Amino acid sequence: MNKGLFEKRCKYSIRKFSLGVASVMIGAAFFGTSPVLADSVQSGSTANLPADLATALATAKENDGRDFEAPKVGEDQGSPEVTDGPKTEEELLALEKEKPAEEKPKEDKPAAAKPETPKTVTPEWQTVANKEQQGTVTIREEKGVRYNQLSSTAQNDNAGKPALFEKKGLTVDANGNATVDLTFKDDSEKGKSRFGVFLKFKDTKNNVFVGYDKDGWFWEYKSPTTSTWYRGSRVAAPETGSTNRLSITLKSDGQLNASNNDVNLFDTVTLPAAVNDHLKNEKKILLKAGSYDDERTVVSVKTDNQEGVKTEDTPAEKETGPEVDDSKVTYDTIQSKVLKAVIDQAFPRVKEYSLNGHTLPGQVQQFNQVFINNHRITPEVTYKKINETTAEYLMKLRDDAHLINAEMTVRLQVVDNQLHFDVTKIVNHNQVTPGQKIDDESKLLSSISFLGNALVSVSSNQTGAKFDGATMSNNTHVSGDDHIDVTNPMKDLAKGYMYGFVSTDKLAAGVWSNSQNSYGGGSNDWTRLTAYKETVGNANYVGIHSSEWQWEKAYKGIVFPEYTKELPSAKVVITEDANADKNVDWQDGAIAYRSIMNNPQGWEKVKDITAYRIAMNFGSQAQNPFLMTLDGIKKINLHTDGLGQGVLLKGYGSEGHDSGHLNYADIGKRIGGVEDFKTLIEKAKKYGAHLGIHVNASETYPESKYFNEKILRKNPDGSYSYGWNWLDQGINIDAAYDLAHGRLARWEDLKKKLGDGLDFIYVDVWGNGQSGDNGAWATHVLAKEINKQGWRFAIEWGHGGEYDSTFHHWAADLTYGGYTNKGINSAITRFIRNHQKDAWVGDYRSYGGAANYPLLGGYSMKDFEGWQGRSDYNGYVTNLFAHDVMTKYFQHFTVSKWENGTPVTMTDNGSTYKWTPEMRVELVDADNNKVVVTRKSNDVNSPQYRERTVTLNGRVIQDGSAYLTPWNWDANGKKLSTDKEKMYYFNTQAGATTWTLPSDWAKSKVYLYKLTDQGKTEEQELTVKDGKITLDLLANQPYVLYRSKQTNPEMSWSEGMHIYDQGFNSGTLKHWTISGDASKAEIVKSQGANDMLRIQGNKEKVSLTQKLTGLKPNTKYAVYVGVDNRSNAKASITVNTGEKEVTTYTNKSLALNYVKAYAHNTRRDNATVDDTSYFQNMYAFFTTGADVSNVTLTLSREAGDQATYFDEIRTFENNSSMYGDKHDTGKGTFKQDFENVAQGIFPFVVGGVEGVEDNRTHLSEKHNPYTQRGWNGKKVDDVIEGNWSLKTNGLVSRRNLVYQTIPQNFRFEAGKTYRVTFEYEAGSDNTYAFVVGKGEFQSGRRGTQASNLEMHELPNTWTDSKKAKKATFLVTGAETGDTWVGIYSTGNASNTRGDSGGNANFRGYNDFMMDNLQIEEITLTGKMLTENALKNYLPTVAMTNYTKESMDALKEAVFNLSQADDDISVEEARAEIAKIEALKNALVQKKTALVADDFASLTAPAQAQEGLANAFDGNVSSLWHTSWNGGDVGKPATMVLKEPTEITGLRYVPRGSGSNGNLRDVKLVVTDESGKEHTFTATDWPNNNKPKDIDFGKTIKAKKIVLTGTKTYGDGGDKYQSAAELIFTRPQVAETPLDLSGYEAALVKAQKLTDKDNQEEVASVQASMKYATDNHLLTERMVEYFADYLNQLKDSATKPDAPTVEKPEFKLRSLASEQGKTPDYKQEIARPETPEQILPATGESQSDTALILASVSLALSALFVVKTKKD
């Protein structure tokens, strides 16, 4: 073998070993692991392979645009913790990511030799215009590859001034997705490279980054509010000189993924919403090369332009190898009527095949070894010939050293033109019981391999010898196919393939294997076959081997279930010219291959599922209930004239999409439950609708009953591996544990619930490795579990489930993933399976390559039921006919011939590359009908490149933009009767087209129908002339043509929904009884083409009434209708049960709809009118009586000019009791415990906190202990009481409305007052607030109006309480009648107490939960106002960080309010409360340290934006840092105070991460007001982030302070100075405890009094004193007053006749008032620890009035509180 193989990128290692007298060189495996592999050894990994076999694969084509280098083995990346929050540049540059460079480095010395630059080639990468960020670009060529060598220089650093490079056309795409795919070599000196990619780059402080330094690969993101980087175990950085294929995708929703050489660099990262929003308009993608000291980054990026590069030559001399020696071999033959095989009796080896006089070799050299668990064994073989076609081999396999003791039976059988290689029996003599524990996993037969035993080969001595194989590629620019001539000499080959064929000019052969092997990720996954070049004598042979099989496997000693085992099997098929083109090649082999291949379950349905879409339910909103989805199916059935449909139900379970994962049988109750789901399944069959569900087998949420500690995946450090965080913080599971512990049972539970009829299961996420091994074998086992229930298998990724899946979401949803992560890009694979899968690259021109008008199309998926907010019905239908009808038409045929054109040059996504387009594809069906698809031009710059001509049996059925295509199948694929056969017509352009009809259509008349959502309309009778018709019709409008007249099927709308046509889809109101002016009620369409009822311009009340059917007697129901009222006229829903009438109404709608999956949200493309939607559901709750025969529902609108819109009426059982503890809508105290919410978050609706989004507020279900306080450090309960609470996840610092009530849900009547109470949990102080508003709260693009809200911030609930807290507020209805209450996200940041990332999310610091909402109408009294105010103010007076003077004034005012008379008037109470509010606003913070405002000047050397003021801002995340160029150690930081100020010491707070600039030795000089200098020094401070103190030992009245770091830590040492904070402490006078001696003495004296009145006075004083003490209200003046008051009390015997009694300075309540009547404020009011918990800035501007009130009210308060005592 050629020594050059070792120098290739693949680093393929070939070893020789003797087999008797022959020496065979074989290649068996790739060096590396799949990115989806986790804890255990998996198929294809290095650990799985025999020591004597090869450990990598060779590249078939060195420069074909793919890097086949084997990935390195990386540690399990997990999901390590991250730290969120504002960061400085330096903190984010820890771990040597962003470090300054020396001003004068020693030298620039890239490792690579100086390149030779071709004169005619220009660089593709350019350095940026900013001079500080410029590097160098040169062109170099090495080993037949051209590169742009990018280098950083001495002027660069690794932070603000790295070398940056850009490439024309490489930007974030129009959908907001960023995709980077590049091949590069690292030419830096070892360990000195700092390279990576900036995505959505604004500047070095605002971006997303993926790259590496000496410690390995990491991600990082930066924004003004949130910045962090990856802190987990890293994948190692590339070795110097290594070739790397880097692929990065950043989706518009913030999901970041990256791999290098097909190894995932980290688990999926989801950017915080704040970061994603901040960067959403940034388009730049740049490469970065950093410098540090004399360390330079030098990388060579492979260019797109490889023209003119001298490639490596094939070996010049012929190769020779050992000759065949069969002298000791005994051969036999087995044969069928057409195929003969020569076989070795000593081993199941085929020497040669003969077919019709032509031959193909098998394994020509002798081979006799099996590899069990990667241990090579020469078995003892017993040969037995069964009959002429079949031979059997009994193998005894022993290896005592490795505990192998087994027998295996292998059968070779010839069947027609096939050779079957089957392991028919395996006996493991070790005791192995599936599902049970085994003491030593070595006793398992984990893997079985016959690598080295080629099943079929081709020789260079044969004419036309070729090998053709397909690997996985999802890059639209790069085909996964290899086409290799087998010659001598030729390049070495050892590589894994999904499909492989060998051929000569006479015969072609294909091989199938059920091996579920992965040699790695990407192109190395799904490698069931291994192709290997072997030199025998003077000929080269390329043989196809089955890759390794998996058999018995286990998880930590638990043997996997029996069903995971699959007996090894492989088949060879040999054929001559199968497509009759007089040429034999791989295509003939591929046609024959279909006779031996596996067929994924349900593949027969694929061709007929033309109308795929997603119906979305999310966040408890039940946007698309099951039975409403049924109406959507009927609507599409009409609009497509009966095409088959596929509906993926995202959110069928729990509270909707991405909630309750792993509990597959938890059918969503709010969307209809099991009963409605089964009805949907059954009724959908009639319309050929195939239903599937979205599930997740990789992560779980705490609400799921399957969430438990054992199943959860952990990181290497023992922390949990967190997954998706939206409604809840998910945690990844260990998929292997799940498999070993009964995953199958969950599918079986679902099957029991639903019965038969469900068509497919779509497995989300699986394939990215977040649950461990998601490779070929693990995926096949998962698919088998699903198939076992009778369900088709579907998956998310284009590369996922290649063996079993029939639908791949990222392939079909063309906007997903970017050009590197689409469908399967392999002509070989598509040739074989085009009719079986929707897995192909579709037509999405901007992706380029295969995506630029694939001839066979490719599914293009759109939606109209809420997925990604897509509710554009017309757009869905247009796309279906423009893209999908012809794609599905082709799938009714199998491909028989594929002709490529000449390569074209394409430029897109920052790449210029060669692509070879298919120019002509032939297809045939079982009846020999022939379809030919031809591209009109091979010129990519011609419009005709994107046009095709399609003929059926020679007759044109598509010509460019127009098609008239026959469709002779019903929705389920059954052939139509002749009179129902039809043709679809569609043209993307207007204009006349002429068509020849088939002979059996050439009658005098045919009938054309326009297709709409009402079915076939506008019938036209067309005359056929000379067998032709001419059509001149609308563009982008579907039509259907029939031989004879047709009618539409009768639709029974809204089956099971108790009303006819809940969504007004029938196009008529004839089912309603209309009173009033019926002409004012009509069906119209929204901007999203959604049908609605509109009532407008009516001069009298208009009502529409319909009977509700199918109701149960004496049963509680809820009914709602969506309403958008643009009029002030009252719009109502009324239910009359015959015994009772229930009505709910709304005036003008005031809340925009922000629910993304709702068809009526306020996105422009879904809006009602005027680009807005105020649709919200309006409910009536009612109870039926004994007679349900005449229950009616009425929609009405009173007279008015403007429009009211209604849509989506839904009636269903509901057991809530919200109205005075009764079910029916009515008066009384409103109570919502969230236990029986009908739908949504009633009585609230979602606010604009996220804009139109899949909102993060939902009904949370209890699963103790995982949803509750304590588990995994959780601080708050997700569920407060009962089984359900309302949870908001992570919506802090938004300054926007989270949710609100609306009048139709609860009406605060004008002038009436209500007490609103609720229990709540909040993870941080004042991040959420209770608000009262009126009218529309405008947010988002309409601006925010928080200043109009009455806002009450809510403290956290866990630092001082073991359970949720209760909040009470008084709300008075505005005269406008549109008052509402809600929860608001303030501008305050959460306090995560040092936790970060998933821990911070899971533990609830950012969350808010509500329960037990109660709204009670009350008669407002002054007492109520005072009690409510006290609850709000008492937490504030408990604070200790305000000055005594300002706090005492507040305390005394609050105490006086607490002592107010019960009969205080409302006006008096409000006046007193206003005064207290002014005092609260006037509180003055204590000064404990110097702040920036205390200084007249702050002078110090500093890096830009990292000045000395940062050390006085109270934020440890910001730094003072000297210049990153170094050289500032020993330079002073000088601080001059405005006024001499007393200080007592310095506390130095180092940076929180990293060590650059940490002070080691310091000198501190403090100059006092007299000019005297006080000098202090410190030496050898340790290098950590703990504070360091210098205690002056005295108080100095300082005027100037000079701090000098004379020695510092960090890279290189003594280069920088830095500080997070410099805290110069001020002397603190300890507050003297209140002197109670006078009071106590007076009390002792007063207690001796005997008069009853005096005793009551004393008791009253004691009670008031106790109340004041308990509630932190006591002041010195109050103590003095209480003592004086007691001292003046005297018994009647000693009282003077006319006593002079001081009028009380402080009000005292009577003793009766104190006994059992004073609220226990300690119980109800929490006392936060810091003032920020009570009085943070809201982020809203304060009015001038408020400022004036604060100053004036101080004077007013004195009149109330301070009274001069008489002598």
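Just so it is clear, glycine is given a Cβ too, placed from its N, Cα and C backbone atoms.
What you see is a predicted model, and the numbers here were worked out from it, not measured in a lab.
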Looking at Swiss-Prot, which one out of Asp1091, Asp1407, Asp1411 binds Ca(2+) 2 in the same site as Asp1233, Glu1235, Glu1281, Trp1284?
Asp1411
Range among 360-364, 425-429, 630-634, 1735-1739 that Swiss-Prot annotates as motif 'LPXTG sorting signal':
1735-1739
Taking the recorded Ca(2+) 1 site as Asp577, Asn579, Asp581, Asn583, Asp588, identify the other residues of that chain whose CB atom sits within 8 Å of the mean position of the site's CB atoms, giving them in sequence order.
Ala578, Ala580, Lys582, Val584, Asp585, Gln587, Lys897
Per-state residue totals over the compositional bias 'Basic and acidic residues' (304-324) - DSSP helix, strand, coil:
0 helix, 0 strand, 21 coil
Could you list the residues of the same chain, at least six apart in sequence, whose Cβ is under 8 A from the Cβ of Asn583 (Ca(2+) 1 binding site)?
Asp577
How far is it from Asp588 (Ca(2+) 1 binding site) to Asp658 (substrate binding site), counting Cα to Cα, in Å?
46
Whole-number answer please: how many Å between the C-alpha atoms of Asp658 (substrate binding site) and Asn579 (Ca(2+) 1 binding site)?
48
For Asp581 (Ca(2+) 1 binding site), write down the residues of its own chain that are at least 6 apart in sequence and whose Cβ falls under 8 Å from its Cβ; none is a fine answer.
Lys897
List the residues of the same chain that sit at least 6 positions away from Asn579 (Ca(2+) 1 binding site) in sequence and have their Cβ under 8 Å from its Cβ, in sequence order, or write 'none'.
Gln587, Asp588, Ile591, Ser896, Lys897, Glu922
Please work out the number of neighbouring Cβ atoms within 10 Å of the Cβ of Asp577 (Ca(2+) 1 binding site), leaving out its own Cβ.
16
Over the region 'Catalytic' (602-893), what does the predicted model average in pLDDT?
96
